[in-house]
């Protein structure tokens, strides 16, 4: 195998040398022709000039072999060099022909089409810089700024977990306190899918700056709030910006890094998101327990957001998009024209659908007025949105027609099922620890922390692997199975679980899920033309947000119904003169609403039964999470693998290697 590989590399080098000699002879011949031809010999000179896109058979054979052969270890380096040289030749040939057509090499009256000049120049520049026009230092500053935004968005999503008691006590609004957490989730999930297409129209930097400023405004409102509903408003506004911070980070990263390195950068962003999620409760508790009060937990985010905004405004400069002749994202296009380019009908119907859907899922089981009317709105808005995007809109806000693409649909469904299972598992493992193992918040937090490191290693490891190999299909399936095995061990957890397993319980499925989310995002991006990648990324986030809310809602219904059935089936048979039905019903009612009561105040004869009921209710929920992970793995099987070359501009036509 080694000799064969060495021989293949030798042949490739020989082809390159022969190609270089051939091009030298062509240049020499072209120089002789230009020197020997007068002003009256213009047609003859044009006859010997190579036209745009003209290539020797040797070049095509070499480039075709090196680019399409996935077994070649030199494919990234050699193919990149060939592609740069080819683009330079095309650009030079087109420019020379336009000069010749005008009659003079120094004439300003070129007849070359502006689009052709732009496309060739952009291709050469992209092949040279390999980073969307950004230098290494500027790219690092921009990535650091976007990662800071992702960290703050994730932090703000969980920072209220340790603040709710303090806020409820100050405002005396305990029955409505859940709206503080729900408002952020509602707005984030509703507006997040809009950023992709809007950034195609208005540009990446304006949308990033907008997201930061809206998030900053929301944090400021929260920090200055004097009653519950002003705080809820601030959380809603912050969610609009927070959703944009996370989605725009992924979209902009695709523009400024090559595809082969894309997953590694996504892994880094995922680490910051996980770090923010893990630190939210800790940061909230630190401020709530000190004299500065809980408001400072929101106000401290304001200067950090402004710092991120300033860095993005100063350092993020992107080249014109490939379809720049359409006017998208260009400063020369008036804002009124850009506003008319927005698919407002699709935007409004999508916002209404996602808002109502997320509202029902988030508040399922609570006293929600006009519930049936909300279901009707969900059905009508969702149906009309699909019809409008497929048959009416010329430039849809969410290009759902790309769901006809096998990889896009498979990646989206895998994200949907994975988020359903992962969010439900992350929500009910602490419930299991508290209800069955009688742990306090501190002990539960210690056992959840290792999962952050496994998630970070999963994201970074997946990105590093794809950067080194340019492949991802079998790697993805292998770690999907790892995630399934991790969910299996959670599904069969017992009250006698050892201490070390408590710390490791969520590490394995967290690792597998992190790999899945990182790889499938890249698989979705490379499956569509470059000019549609931002809007298609929004499809992924739409599936993630709806999957998260729907998963927690279904998991909660399974847990509540399972607990209720277990309580009635195991306690009611104990009815006797000593334990009348009224007493048993009272025990069931209290046990269903308070795990603390179960461990501290429940009658001794029923305590172990109640704990056992919680155990089985938790296992039922974890079985649902296992089913979700299996379905996510099945969906990943239908993803098509594309080659990831370092430094080659992404074309609309791609060749599959799977």
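Yeah, the Cβs are placed from backbone N, Cα and C, and that goes for glycine too.
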Q. Looking at 117-140, 141-164, which one does TrEMBL call transmembrane segment?
A. 141-164
**Q.** the transmembrane segment (141-164) and the transmembrane segment (472-493) contact flag, 3+ Cβ pairs under 8 angstroms
**A.** no
**Q.** Long-range neighbours of the transmembrane segment (620-644), counting only residues six or more past its ends (CB under 8 A)
**A.** 67-68, 70, 75, 259-260, 262, 406-407, 409-411, 413-418, 420-422, 424-425, 428, 466, 470-473, 476-477, 480-481, 483-484, 487-488, 490-491, 493, 509, 512-513, 516, 520, 522-523, 526-527, 551, 554-555, 558-559, 562, 654-658
Q | Long-range Cβ neighbours of the transmembrane segment (207-226) (under 8 Å; 6 or more residues past either end) | A | 146, 149, 152-153, 156, 195, 198-199, 233-245, 248, 252, 295-296, 298-299, 301-302, 305-306, 308-309, 312-313, 316
**Q.** pLDDT averaged over every residue in the domain 'Major facilitator superfamily (MFS) profile' (142-644)
**A.** 86
**Q.** Spatial neighbours of the transmembrane segment (505-529) far in sequence, C-beta under 8 Å, 6+ residues away
**A.** 250, 254, 259, 262-263, 266-267, 270, 402, 405-408, 410-412, 414-415, 418, 421-422, 425-426, 429, 447-448, 450-459, 461-463, 466, 472, 475-476, 479-487, 489-490, 493, 497, 536-537, 539-540, 544, 629, 632, 636, 639-642, 644, 650, 652, 654
Q | Cβ contacts the transmembrane segment (541-559)/the transmembrane segment (408-428), at least three under 8 Å, sequence gap 6 or more | A | yes
Q: Mind checking which residues of the chain, 6+ beyond the ends of the transmembrane segment (472-493), have their Cβ under 8 Å from one of its Cβ atoms?
A: 263, 418, 421, 425, 429, 432, 458, 462, 465-466, 505-513, 515-516, 519-520, 522-523, 618-619, 622-623, 625-626, 629-630, 632-633, 636-637, 639, 641, 644, 658
(Q) With Cβ-Cβ distances below 8 Å as the criterion, list the same-chain residues six or more beyond the ends of the transmembrane segment (448-465) that contact it, or say none. (A) 261-268, 270-271, 274-275, 277-278, 426, 429-430, 472, 475, 479, 503-504, 506-508, 510-515, 517-519
